[in-house]
Amino acid sequence: MFTAIFGSFEAGIIYAIMALGVYLSFRILDFPDLTVDGSFVTGAAISAIMISAGVNPFLATILAIFAGFAAGCLTGLLHTFGKINNLLSGILMMIALYSINLRIMGRSNIPLLNTETAFTNISDFFEKTGIDSFFNNMLSTVGLGDNLPETWGILIFMIVVTFLIKFLTDLFLQTEIGLAIRATGDNKRMIRSLSANTNLLVILGLGLSNALVAFSGALIAQQGGFADVGMGIGMIIIGLASVIIGEALFGTKTIARTTLAIIGGSIIYRIVVSMALRIDFLEPGDMKLITAIIVIIALTTPKIIDRSKENKRKARRKVEKLPAIQATATAKGDNHAALKSDS
Amino acid sequence: MLHLNQIHKIFNEGTPDEKIAIDHVNLSLKPGDFVTIIGSNGAGKSTLMNIIAGVLIPDLGEVHIGGVNVTNSLEFSRSKMIGRVFQDPMAGTAPSMTIEENLAMAYSRNKTRALRRGVTKKRRDYFREVLESLHLGLENRLRAKVGLLSGGERQALSLLMATFTEPSILLLDEHTAALDPSRAELITNLTKEIVNRYNLTTLMVTHNMQQAIDLGNRLIMMDKGQIILEVDEENKQQLTIERLLEEFKRIRGIQMANDRAMLT
């Protein structure tokens, strides 16, 4: 149980970067961007092929981020200058990226076992400095010493990285360019009349969004020890699930609050999925189905709850006020008829 | 300040729906001119506004603003010089963003947007100051989302956003038409106040004849894509609704077909 939750936290905090990317496109730009399914793999593919070729893993990750940025910009170009519908431009890029990713990798799967990745460096560092044993000792003293995690390095390092990205995103969205991007998603006509080039802003926004997605993909490949051409399938829905769950549970009062909520949403999504997979008749292959069901529930239940609340309120009002209204109506007679005869 | 030279625009050319929206229109505004435009639906008023703003590009003719030929420049690049308020109170502001963020976006209109903070302490003080001029108490609600404001408040904010950077041209496109009479009056008074304060060169479309007569120093009447009547500064002083309707009948030989214009 502890191992499952620990694993969910670790994966959730890495996928949170992808979810922040989806937040940029889906919520800020109001652009449901399916490029994500492809750019996630692009990030993974580039980092995997370069790391296995002996390139420094940090450099490989940075290049993956740039590739994601380029992919997002291309989707933006298709939509703005090509005047292609937003969903369709994302789908087109996603399909194109599938072939491109295969070309980058040269085969459909690249294992990274026994290779030096960003995370093996960090794990080594944590082991040498004794931080791992410090945390494990703590766990043992509270009686959770049975199945200790292999390393705390990834989790702690990723918390720092993800929160750094969260703060940078918050700051960016408060800058003049950031404000203009938000307005592009909110009211295009208005921001255009305030001399902002909405086409460029859409392209920039999608570029940044997919840069984050590719970053997350590069990290997941290094954490999981492989890159696979199919690992991005349904990624947009996982991102959406994190955004929607996070917003519903933790609120959206300010930008900073929302981005925090999304990180929380990503972790909770992972916990829910790992719990669901512990049910006996479900297999790992059912994960996409579970994701879809989680998103459907998250999208529909708030509305159903609101409606039933509203109905209850109306019913209560009817019981309380109707007799009184009827009484005054009979006492005063029909108001409409009186007005008519006057004129 | 604004110079329109032989503007011509046809919609759906070569189809049965062909419509001449603007028929060789010439118009010149001196700095500080406040011109009101009236005319029935389909007269071409809004098309003219859109051509000046750069939403539409004319088929023929030239648009000059401040001596620069902007005929083919895109909407976002020429809107550095143009402030615009739309009819729909929802159109001029971003609802999910706060009042101060909206003002910050308008503030960067004539500057290059960069990775600077949009709302700084200095700017916030300035925003508070300009908001006070609206007398709506919005200066105390800088961090409120604009979506929470009423239509009148949003329109007042749009008006402020369009004007406080002192654009070369201010375009008002029936900006009081969607408001109730008391709110419309408030916005009309604010318009008068703000245009005077910054001495803005203004073009205002309206269906309200009284408003067209009360505001501004010049008036033009449009019909079927043409300017059919121009009233200059001297004659505008003596103008009444009756005289305007008479003029229309004299020029066109028919009654003005506009219930909204007749009523107000």
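Placement of Cβ uses the backbone N, Cα and C atoms for every residue, glycine included.
According to TrEMBL, the protein has these features:
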TRANSMEM  A:6-26  transmembrane segment
TRANSMEM  A:87-106  transmembrane segment
TRANSMEM  A:152-173  transmembrane segment
TRANSMEM  A:194-220  transmembrane segment
TRANSMEM  A:226-246  transmembrane segment
TRANSMEM  A:258-277  transmembrane segment
TRANSMEM  A:289-305  transmembrane segment
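Taking every listed stretch (A:152-173, A:258-277, A:289-305) in turn, the largest tally of C-beta pairs under 8 A with the transmembrane segment (A:194-220) is reached by A:152-173. Remote same-chain residues near the transmembrane segment (A:6-26) are listed as 32-33, 36, 40, 72, 149, 154-155, 158-159, 161-162, 165-166, 169, 205-206, 208-213, 215-217, 219-220, 223, 235-236, 238-240, 242-243, 246, 258-259, 262-263, 265-271, 273-274 (criterion: CB distance under 8 Å, separation of at least six residues from the stretch ends). The transmembrane segment (A:152-173) makes contact with the transmembrane segment (A:258-277): 3 or more of their CB pairs lie within 8 A, with pairs spaced 6 or more apart in sequence.
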